[in-house]
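Chemist: Feature annotation from TrEMBL assigns transmembrane segment to 47-77, 84-102, 114-137. Residues annotated as active site in TrEMBL: ASP112, ASP125.
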Amino acid sequence: MLNKNKKIVFYFIAPILFLLDQSLKWQALHNWNTSHLINKYFGWQPFLNSGIAFGIPLPSWLIILITIPIIFLLIYLLIKNKNIFYTVAYLLIILGAISNLADRLLYNNTVDYLQILTGVINLGDVMIVFGFVIYICNLKKLNSKDKNYVF
């Protein structure tokens, strides 16, 4: 059953999420010239981010050099795992990383557009965060069942 679920995720949901993120980034670059606040906590604001998480500055070439092997490692783990929660977690992280990598290759920055409080992020960032949350929740669940489990 897992192989069927993986195929559904791969062939249907994954391209939709990736294309949605890329189309929102295109909109942010080409159609949204100014910020549009829905309320004081949430809105749209185009922003070219040269750093990584939390605005930590790193050269784009270094981010690309680090990101590519991590993506390949996650693809390997995705293929090898037999847990649907890990499948979803790995896939979300991979999709977000590939989407942000594409930005770095095309624009030398990531394209952020979703303003939340004082930060600006994109759907790729959201996918990465949700992927990690799913991964950690599943890891805690496995650890509570098997005290000898080591990752």
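From the backbone N, Cα and C atoms, a Cβ is placed for every residue, glycine too.
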Chemist: Where does ASP125 (active site) sit in DSSP terms: helix, strand, or coil?
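Modeler: Once the DSSP labels are grouped into three classes, ASP125 (active site) ends up as helix.
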Chemist: How many Å separate the Cα atoms of ASP125 (active site) and ASP112 (active site)?
Modeler: 9
Chemist: Identify, in sequence order, the residues in the chain of ASP112 (active site) that are 6 or more apart from it along the sequence and have a CB within less than 8 Å of its CB; answer 'none' if there are none.
Modeler: ALA28, GLN45, PRO46, PHE47, LEU48, ASN49, VAL120, ILE121, ASN122, ASP125
Chemist: Can you count the other CB atoms that lie within 10 A of the CB of ASP125 (active site)?
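Modeler: If we count other Cβ atoms within 10 Å of ASP125 (active site), we arrive at 20.
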